[in-house]
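These features come from TrEMBL:
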SIGNAL    1-21  signal peptide
DOMAIN    29-65  domain 'Leucine-rich repeat-containing N-terminal plant-type'
DOMAIN    159-340  domain 'Disease resistance R13L4/SHOC-2-like LRR'
DOMAIN    690-827  domain 'Disease resistance R13L4/SHOC-2-like LRR'
TRANSMEM  871-894  transmembrane segment
Amino acid sequence: MGNFHLSHLLLFLTTLSVVLALSSPDGQSDAYWLLRIKSNFVDPYGILENWSEGTSICTWNGVACANDQSHIVSLNLSSSGLEGSISPELAHLTSLRVIDLSDNFLNGTIPLELGELHNLEELLLFSNFLTGEIPVEIGNLRKLQVLRIGANMLTGQLIPEIGDLSELRVLALAYCQFSGKIPNEIGNLKHLKNLDLQQNSLTGPIPESIGGCKNLQNFAASNNRIRGRIPASISQLESLEILNLANNSISGSISVELRHLSNLKYLNLYGNDLEGEIPFELNQLVQLEKLDLSNNNLSGTISLLNTQLKNLQTLALSGNLLTGSIPSNFCLHGSSLSLLILAENKLSGSFPLELLNCTSLRQLDLSSNNFGGMLPRGIDRLENLTDLLLNNNSFTGTIPPEIGNLTNLEDLYLFHNMHSGGIPVEIGKLQRLSELYLYENQLSGSIPIELTNCSSLTSVDFFGNQFSGSIPTTIGRLKNLVILQLRQNELSGPIPPSLGYCSKLQKLALADNKLSGSIPPTFRFLSELDLITLYNNSFEGPLPESLSLLKNLSIINFSHNKFSGSISPLASSHSLTVLDLTNNSFSGPIPSELALSKNLTRLRLANNFFTGELPSELGQLEDLRFLDLSFNNLTGDLVPSFSGLKNLGHFLLSSNQFSGKIPTWLGVIEGLGELDLSFNNFTGTVPEELGNCPRLLKLSLSSNKLSGNIPPELGNLTSLNVLDLQSNNLSGSIPSTLQQCKKLYELRLSENNLSGSIPYEIGTLSELQVILDLSKNHLSGEIPSSLGNLVKLERLNLSFNQLEGKVPPSLEKLSSLHRLNLSYNHFQGQIPSTFSGFPLSSFTGNNKLCGPPLLSCSELKGQETKRLSNAGVVGITVAIVLTATVICMVLLYIMLRIWCNWRKVTISCSETGGFEKKKEEGNWVYGEEFKSGSKYWNVNNMSPVKSPYKEKQISTGTCMFNLSKSSSDRSERPLV
C-alpha cells in the first residue's frame, strides 16, 4: 500500500517538474527553447503544429530525444518548407548531436552561437538562402563529423579553423560564393573522406597539405578558379576514388605520380590548361571507370589502352591537340567501354578499324578531326551503338548499306564530310533512329521513300547537298518529326500534301530548291509549327486561308517566290518574330493585325505590290529592329505613331510614293543604323534632327524633292558609312562638318544645286572608297589638293560643275582610282600622268586641259597659235572688206549727190533755153534704150503723169527714178 502511494507521488512530482519546466523562463528545459526557436520560423505547411505545451517534446515533429526523454539529441526539419532565420537559441540545446535544417527557405546568417554545441556531430544546413561568412566559432565543434552547408549564398573565405575539426568526415561547401584559397589547415583533417568544394570562386593552388587527408575518398573542386599544378602529394591519397578538378585553370602536365591512386574510379580534369602528353602510366589505374581529359592542350598520341584499363566505361579526350590515330591494341573483345569521345582533335587516317573490336560501345564520337577515306562496311560490328558521330571530317565515298544493321542506332551524325552517292535504302531498317544529320556533303539522287519507315525520326537535316527529285509522298508517315531541314538542294515538284500530317513538326526549311506549286491546305494541321522557310523557290498562288490556324508561327520566310494575293492569313499568328515576304507579288494593304505580334523584330515586305498607307498600329511594335517596305506602291506620310519604334535599327522605305516632309522624330531613334527613304516624293528640308542618330551607318535620301541646305548637324554622324543625297534640289555649300564622318566610304551629292567650293576638309575622309560623286551641281573654285589623301577612293566624279584651275598633282596618289570624270568644267593645264589611262570622256568639256588622253600641251599651244593666226587673217580680211565697202558706199553717195546736183542744173538751163542740143542728144540715147525695153521698164506705167505740177514734183524726187521718168517723158512727147 505504501509502495502504491510512493509511486503516485513520484509520478506527480515528475509531471509537476515538466509543467514547471515548460513555464520556467530560466532556460533549463529543451522544450522551452524549442518553442522559442519555433517563433523564428514561418511554417506554411504546419510541420510544427504539434510543437505545443502540454505534450512531450519527444513526440514533436523532427525531434529525437535522449534516453532520459527530457533532452533532445537530434533536430531534423529538412524539406519542411520552413522560412525565416536560424535562431541563435539553438545553442541552449546542448545535448544536440544532429541539426538538419537542409532544403528549406531559410535566410540570414549562420549563428556563431552554434559553436557552443560541443556535442554536435552533424550540421546540415545546405540548400537554403543563407548569407554571410562561416563563423570561426564553428572550429570549436571538435566532435563534428559532418558539415554540409553548401548550396547557399555564403561568401568569404574558407576559414582555417576548419582544420580544428579533427573528427570531420564530410566537408561539403559546394555551390556557394566562397573565394580565396583552400587553407593549408585542410591537411589536418586525417579522417576526412568527402571534400566537396565545387562551384565556388576559389583561387590559388591546391595546397600540398592535401596529402595529409589520408582517408580521403572523394575530392571535388570543379568549377572554381584554381590555378597552379596538381600537387604531387595528391598521389599519397591511396583511398581516393573520385578526383574531380574540372573547369579550373590548372596548368602543367599530368603527373605520372597519379598512377599510385590505385583505387581511383573517376578522374575528371576537363576544361583546364593542362599540356604535354597523356602519361602512359595512367594505364596502371586498373580500377578506373571514367576518365575525362577533354578541353585541355594535351598533345601527342593516344597512349591509353582499354586492354589494360579493363573497367573503363567512359573515355573522353575531346578538345585537345592529339594526333595520330587509335592504337592497334586499343580494344579487345569483352571490353566494358561504352562511351568513347575523341572529338575536336587532330587525329587523322582512315576510320580506325581497331574500334570495331569495341563491340560494347554505345556512343562513338570522332567528330571534328582529320579522318578521311570511306567508312568500313564492317561498321555493323558495333551492334550496340546508339550514337555515331563522325561529322566534321573528310570521309568520302558512299554511306555503307551495312549501317542499316545498327538497329539500336538513335543518332547518326555524318554532316560536313564529303560523302557522295545516295542514301542507302537500308537506312529504312533503323526503327529507333531519332536524329539524322547528313547536311553539307555531296549526296545526290532522290530521297529514298524507305526513309519514311524510320518512324522514330524527330530530326532530319539534309541541308547543302545535291538531292533531286521530289520530296517523298509518304513523308507524312513520320508522325514524330519535329525538324525537317531540306534547304539548299535541287528538289523539285510540289510539297506533298501528306507533310501536313506530321502534326508534331515545329521547324520546316525547304528554301533554296526548285520546288513549285502552292502550299497544301493540309498545312492547317501543323498546329505546332513555329518556323517555316520556303524562300528561293517557285511557289505561286495565293496563301491558303487555313494558314490563319497556325497560331504558333514565329518565323516565316517566303521571300523570292511568286506568291500573290493578300498576306492576311499570316497575320493571324500573334507569335511572329520574323516575317520576310520579299520579292513576291503580294498585293493589297499591309494588315494592321501584324501589330498584334508584339515580339516582331523583323518585317520585310519589299519588292511586292502593296498599296495604301502604312498602318499606324505598326508603331506599337516596340521590339521591331528591321523594317523593309521598299519597292512597293505605298503612299501617304510617315505617321507620327512610328516614333514609338524605339529599337528600330533598319528603316527602308525606298521606291514607293511616300510624300510630305521627312519627320523630325526619326532623330529620336538613337539605335537607327540604316535609313533609306530614296526614290519617293518627300519634300521640305533634310531634318537636322537626323544628326542625333549616333549609330547611323547609312543615310540615303536620294531622288526626292528635298530643298534647302545640307544640315551641318549631319557631321555628328561619326559612324556613318554611306551618305546619299543625290537627285534633289538641295542648295548652299557642302558643310565642312562632314569631315567628322571619318568612317564614310561612300558620298553622293550629285544632281543638286550645291554651290561654293569643295571643302578642303573632304580630303580628311580617308576611308572614302566606293565613290565621291559631286557632279551636276554649281560648284566653283579649284579642286582641293587634299583630295589626294583619299588613297582608297575607287570612283571620283566632279563633272558638270564650274570648277576651274589645274588638276592638282596630289591626285596622282589616288592609286585605287579606276573611274574618273572631270568633264564639263573649266579646268586647264597638264593632266597628271597617272590619269593617262582614263578615257577621253573623263576630260571632255575642258578646252584648256592637255596631256594624254587629250592633246599634248605643245600641240594644244600650236593649235591655239594657229587658231589665233587664222583668226587674225580673217579679222584683217573682214576689216578690209568692211573698209572697202564703206569707201564704196561713201563714193557712191558722193557721186549720186554730184549727179543729182548736175541734174538740177540741167533742168534749170532747159527752162531758160540753154543747152537744147545736148538735151536732144541725151533724149535720143536714153529714149532709145528705154523704148526698146518699155514693156518691162516703162516708168510711166508705174506712175502716170497727170499734170505738169505732178510732173515737176516727180522730177524733184529720188534721183534714180527721176532719170527714168524724164527720159521716158521726152521719148513720147515734147517737154512743153
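The backbone N, Cα and C atoms fix where each Cβ goes, and this holds for glycine too.
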Give me the DSSP three-state residue breakdown of the domain 'Disease resistance R13L4/SHOC-2-like LRR' (690-827), ordered helix, strand, coil.
28 helix, 39 strand, 71 coil
Below 8 angstroms Cβ to Cβ, which residues of this chain, lying six or more residues outside the domain 'Leucine-rich repeat-containing N-terminal plant-type' (29-65), approach it?
21-22, 71-77, 80-87, 89-90, 92-93, 95, 98
DSSP-assigned states of the domain 'Leucine-rich repeat-containing N-terminal plant-type' (29-65) in counts, ordered helix, strand, coil:
12 helix, 5 strand, 20 coil
Average pLDDT across the domain 'Disease resistance R13L4/SHOC-2-like LRR' (159-340), rounded to a whole number:
95
